[in-house]
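Annotated features, as they stand in Swiss-Prot:
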- 24-42: disulfide bond (DISULFID)
- 35-63: disulfide bond (DISULFID)
- 48-52: disulfide bond (DISULFID)
- 67-78: disulfide bond (DISULFID)
- 79-84: disulfide bond (DISULFID)
- 1-21: signal peptide (SIGNAL)
């Protein structure tokens, strides 16, 4: 009986997702961090500000439940695998 109970506990732990394991790179530190539950997309936004000619485009990386909406003069890409939004 104890063996059956232990087996059921192990199977339950294996089958349940006890934590969100999906991760994306996030700014400002450009390091991989876990996403919140329900956020299963990684995104990269890039755009030019007034310093673009000196230091290049501004980059924003993060997690999202849906791909962020298009914005004028901003490039937005989304992907759905762990850490797929590497810094361009």
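Indices start at 1 and increase along the chain as displayed.
Even glycines carry a Cβ here, placed using N, Cα and C.
Feature annotations (Swiss-Prot) mapped to structure.
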{"residue": "24", "record": "disulfide bond", "DSSP (3 states)": "strand"}
{"residue": "35", "record": "disulfide bond", "DSSP (3 states)": "coil"}
{"residue": "42", "record": "disulfide bond", "DSSP (3 states)": "strand"}
{"residue": "48", "record": "disulfide bond", "DSSP (3 states)": "coil"}
{"residue": "63", "record": "disulfide bond", "DSSP (3 states)": "strand"}
{"residue": "78", "record": "disulfide bond", "DSSP (3 states)": "strand"}
{"residue": "84", "record": "disulfide bond", "DSSP (3 states)": "coil"}
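The subset of disulfide-bonded residues (42, 52, 63) lying with their Cα within 10 Å of the Cα of residue 78 (disulfide bond) consists of 42, 63, given in sequence order.
Measuring Cα to Cα from residue 35 (disulfide bond), the disulfide-bonded residues that fall within 10 Å are 24, 42, out of 24, 42, 79, 84.
Neighbour counts of Cβ atoms within 10 Å were compared for the disulfide-bonded residues 24, 67, and the top value is held by 24. Here the CA atom of residue 63 (disulfide bond) lies 25 Å from the CA atom of residue 52 (disulfide bond). Counting only the Cα atoms, the space from residue 67 (disulfide bond) to residue 42 (disulfide bond) is about 8 angstrom.
Distance between Cα atoms for residue 79 (disulfide bond) and residue 42 (disulfide bond): 5 Å, as a whole number.
Counting in whole angstrom, residue 63 (disulfide bond) lies 5 from residue 42 (disulfide bond) by their C-alpha atoms. Long-range neighbours of residue 84 (disulfide bond) (same chain, six or more residues apart, CB within less than 8 Å of its CB): 24, 42.
For residue 48 (disulfide bond), applying a Cβ distance below 8 Å and a minimum sequence separation of six or more within one chain yields 57, 58, 73. Highest Cβ count within 10 Å among the disulfide-bonded residues 42, 52, 63, 78: 42.
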